[in-house]
Structure formats: structure tokens, C-alpha cells
Amino acid sequence: MMRRDRLFLAATLTAIFSADLYFVLLPKLRSVGLGSGDFCPCGSDNFTLPRHGGLATPQLSNWTLYGTTSEPADDGGSKLERLFSHPLYNIKTPVLGSEERLLQAEQLMEYYRRKVARWERHMHLYSEAAALSNITLTEHEVTFDPEASWLKFHSGISSYALYSRNDPAIPKLLKDMQRMSVISADYTQDEKALKGACDCTQVVKPSGHHLKLALKMQNFGKAMFKPMRQQRDEETPEDFFYFVDLQRHNAEIAAFHLDRILDFRRVPPVAGRLVNVSGEVLLVTHNDDLRAVFFTSPANNTCFFAKCLYVCKTEYAVCGGPDLLEGSLSAYLPSLSNAPRISIPNPWTRSYTFSGREEWEVNPFYCDTVKQQYPYNSGNRLLNIIDMSIFDFLTSNMDRHHYEIFTKFGDDGFLLHLDNARGFGKHSQDEMSILAPLSQCCVIKRSTLVRLQLLARPEFRLSDVMRESLKGDSLQPVLTEPHLSALDRRLQKVLRAVQRCVRRLGEEDVITKDFVKSTATPQINTEMKKDR
């Protein structure tokens with residue numbers, strides 16, 4: 001009997017000790033570890049980017065998904081400023097050599113001088129022709145400015161990004177696009193290439209049918225104008241296919257700000273502007289085809305429509321009120337003659353038919369095939385595709401059929417995130433198939449992940465920093481609150497997708513360091529991209 005009592009007592013004491021260890025001691029040990037910085041995603045403030053070694057690899061935080069816990073009191077101040085002062089946004093980059101810069105200063109200035117000379121010759125001939133026809137031309141002041149913001153933007157493009165984090169030329173370029181006088185308006189190159197001959201039987205219409213124009217500023221900077229086609233509070237109709245969705249000017253603006261907040265810096269600067277379609281387009285264009293698509297509506301508003309025959313109707317037009325029209329202005333990249341780019345089909349492109357499906361949509365092991373193919377079998381290209389899919393998922397852009405790279409930087413160059421106007425169409429729906437590259441390949445850059453984790457924290461909440469960033473645009477509010485809230489919801493889904501991969505494969509196989517050099521042999525299989 002005493003022996004049985006002793007066994008019972010020993011078992012009771014063992015249970016009490018185990019409970020004390022599990023519920024008291026272990027949590028204290030964990031808190032000590034957290035306090036020492038072992039689990040901090042930030043690590044030391046001294047992040048560097050070695051010339052040949054790639055990004056520093058800060059420790060990952062634990063997998064708490066922020067936004068589900070109680071929030072600390074907001075101490076006021078700018079969340080955006082705090083975000084950009086965070087160590088993750090102050091990683092040092094090496095001094096750039098000539099091979100890491102897209103263009104050299106002398107090359108850019110020579111191109112600028114040729115542009116000015118060509119403009120002067122063109123205007124001289126045009127003035128002579130106008131005088132013979134007794135037409136009075138409006139004189140526009142033009143300036144040759146070696147310090148022009150667009151010139152600084154072009155000279156700052158490197159093998160790492162389109163612009164550096166603290167490049168003073170970018171805010172100046174945004175202001176110039178919002179305020180500078182327009183001296184010329186014309187069709188974009190892709191629209192000119194169509195010559196109005198469009199095939200109405202095509203399900204996916206060529207890019208030239210969209211309403212977009214090339215505007216030239218008084219300092220010879222150039223921007224693509226996309227007019228407002230949809231009200232901000234309107235969602236894409238449920239019955240619309242992604243390839244016939246409207247292009248939204250505010251989506252282009254928001255995509256630039258999101259790209260900057262994610263620290264990708266792969267979207268050219270975009271600014272919103274109220275454009276006078278009479279004074280800043282019709283009166284400054286020298287293209288008779290463009291003049292021909294302008295008309296005055298029954299409400300006495302100035303309107304214009306696209307060049308393609310199947311949309312050469314007044315019901316497809318956009319109109320000012322009576323002359324002012326909202327739109328986005330996207331800074332042009334350097335010309336293809338100076339900085340060649342190639343357009344490459346996205347491995348996760350969608351089926352642009354009413355009923356077809358691509359292999360990745362039916363084969364969960366599709367990524368294994370992609371990993372065997374050049375240029376995705378080594379280097380950064382696949383990681384950059386996954387970055388792009390995360391960016392597109394956050395914006396809800398399903399129309400990423402191609403991507404572009406600068407040829408100078410080769411296989412290790414970053415991808416350009418262009419043409420984002422079909423994003424932000426539905427705030428009430430999250431299209432998980434956009435994340436297929438991430439969920440199928442289960443790999444992500446460490447730098448991308450730690451920034452996503454940072455933006456999921458209450459003190460750096462993505463929707464809050466986006467709201468604050470977008471306030472700097474002249475067309476605010478750029479996004480409605482439901483779209484901003486959708487960013488937070490989608491960010492959590494991205495983190496959960498990475499978490500599932502880590503649980504299945506482990507951190508070492510899922511989370512990779514940045515700037516892995518390519519070892520694959522090039523195989524040319526690309527198409528030249530026409531100038532934007």
C-alpha cells in the first residue's frame with residue numbers, strides 16, 4: 001500500500017514539474033531569446049551589399065501573422081518615414097561601375113542634343129507648311145536642361161533597380177509630370193504600328209487599341225498618358241474576362257507607389273494629372289490621325305477615342321469635363337536605340353481564350369518543368385518571377401503575359417514591372433492563381449520575405465503606408481478604402497503561402513539569398529519589344 005502511494009506521489013510531482021517547465025520556464029526562455037534579437041528580422045543596423053557576395057541575410061522573425069493581435073497605440077508621426085528609415089530599407093549598395101549602369105552621362109547628353117536638334121528641324125518645317133496654309137501655330141517654350149529630372153532618372157538606372165532609394169530626381173520627376181507644359185502629343189509607337197488596321201475577331205486586342213498617348217514636356221521629357229476610364233468605386237464586372245478588362249489610370253499610379261514601398265523599384269515613376277485635352281493634346285498634336293478622333297459631345301465636352309476600327313465609335317470615347325480629364329503619366333524608359341530591352345513570355349501566362357487552360361493551371365508540378373529550362377534553371381530569374389507574382393497578387397493584376405528586361409544586364413538583370421493598369425479592379429476578390437509561381441515553386445528571396453513581414457506589422461501596416469504615400473499624388477484619393485484594406489488581406493495570404501512551403505520543405509529550401517549568379521548557357525528565344 002505504501003509503495004503504491006509513493007508511486008502516485010512521484011507521478012504527481014513529475015506532472016507538476018512538467019507543467020511548470022512547459023507553461024512557465026519555456027515561455028521565459030523564449031522571451032529572453034526574442035529580447036536578445038535572435039528572432040529579429042532586422043538584426044544589426046549595418047546591412048551591406050558586398051560586391052560579389054549578395055545581400056546580407058538577416059534572421060527571420062517568427063511566423064506570427066500580424067494584424068490578428070492587439071495593436072500598440074499609434075504614437076503619431078509618419079509610418080512611411082519610419083518604414084523608409086528602417087534598416088531593411090537602408091541596405092548599402094556597392095559603388096556602381098560602368099557595367100552596372102545602364103547608360104553613361106556622355107551618351108545621354110548626346111542623345112538629348114539630338115532630340116533637341118530634331119525637334120527644331122521638325123518645328124521649322126511644320127511652321128513653313130502652316131504659313132503656306134495660312135494656319136497660325138501656337139508657340140511653345142522649350143528648354144534644354146542638362147539637369148532635367150527625366151535625364152537624371154535615366155542616368156540612375158542600374159543593374160539593381162530603376163532608381164536608388166533616395167534618388168532626389170524621382171520626386172522632382174513626379175512634380176514635373178504633374179505640372180510641366182506639354183509641347184507635343186502623339187500616338188504611342190505600338191498604336192502607330194497598327195495603322196488603324198485591327199482584327200475584330202481577336203479575343204485579345206492588340207495594345208494599340210487602348211486609349212493612351214505619348215506626351216512630350218517642355219524639357220523634352222516624355223510620358224505615357226492613360227486617361228480615366230472607370231470610377232474609383234467601381235469594380236470590374238463579374239462577367240468580364242481579365243483580357244478585356246478596362247485599363248485604370250489610378251491602378252498605374254498605385255502600382256508605382258506599391259512597388260516603391262516593397263522596395264522593388266521596378267516600375268517607372270507614375271504621377272496623376274488633370275490634362276486639358278483641348279489645350280494639352282488637340283492643340284499641340286501634329287498628327288492628323290489623332291486630330292481626327294476628337295469631337296465635341298452633345299454635353300459640349302471634348303472627347304476622343306482610340307484609333308482601331310472596332311472602337312472608332314463615340315460610345316468608346318473618353319471625355320473631359322468639359323476639357324479636363326484625369327489620367328496617369330508614366331515616365332518613359334530610355335529609347336531602345338540607347339538601352340535595348342527584350343520582351344519574354346511569362347511561364348505562368350494565362351490562356352487568352354474563352355475556354356482554354358494553360359499547363360500550369362492543371363499541373364501542380366509545373367514548376368519542376370520550368371526549373372529545368374533556361375533561364376530559370378539558375379540565377380535570379382525564377383526568384384524575380386516570384387517577386388513579380390507577389391506584386392501582381394497584391395494589385396490583383398491577372399494580365400501579366402510578358403515581362404521585359406534590359407539586355408545589357410543579361411540573365412541576372414531585374415524584371416521591369418510595366419503595364420499595371422489592369423490591377424485594382426476587384427477589392428472584394430483575391431485571385432489566388434496569380435500566386436501560382438510562389439505556391440508551386442515554394443521559393444522566395446529572403447529580402448522580399450522580411451520586407452513583407454515588416455509590412456504586416458501594425459506599426460508599418462501596408463495599407464497605412466500606401467495611403468500616406470498616395471496622398472502625395474495630385475489625384476488623391478487614388479485608391480478607395482476597400483482597395484487599401486484588400487492589400488492587408490492579400491499580404492497575409494502571401495505570408496501564409498510561404499509558411500505552408502516552409503512547413504513542407506523547411507526554411508533552407510524555401511528562403512534563398514539574393515543575387516545568385518547565373519551559370520546557365522544562354523539560349524536566344526525572345527522577341528524585341530517596341531518602344532513604349
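Even glycines carry a Cβ here, placed using N, Cα and C.
Here TrEMBL flags Asp399 as active site. According to TrEMBL, the feature ATP binding site maps to Lys226, Ser330, Ala331, Tyr332, Leu333, Glu404, Asp419. Residues or ranges marked as Mn(2+) binding site by TrEMBL: Asp419. According to TrEMBL, the feature domain 'FAM20 C-terminal' maps to 294-510.
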Recorded ATP binding residues, Lys226, Ser330, Ala331, Tyr332, Leu333, Glu404, Asp419 - maximal Cα separation rounded to whole Å: 20
Other CB atoms, at most 10 A from the CB of Asp419 (ATP binding site): 25
Between Ser330 (ATP binding site) and Asp399 (active site), the C-alpha gap once rounded to whole angstrom: 18
The residue listed as 'active site' and Ala331 (ATP binding site), distance between Cα atoms, whole Å: 21
Sparsest-packed of the listed binding-site residues (Ala331, Leu333) - C-beta count within 10 angstroms: Leu333
Among Lys226, Tyr332, Leu333, Asp419, which are recorded as binding-site residues, the nearest neighbour of the residue listed as 'active site' by Cα: Asp419
Number of Cβ atoms other than its own within 10 Å, given for Ser330 (ATP binding site): 27
Other C-beta atoms that fall within 10 angstroms of the C-beta of Lys226 (ATP binding site): 26
Tyr332 (ATP binding site) CB neighbourhood, other CB atoms within 10 A: 20
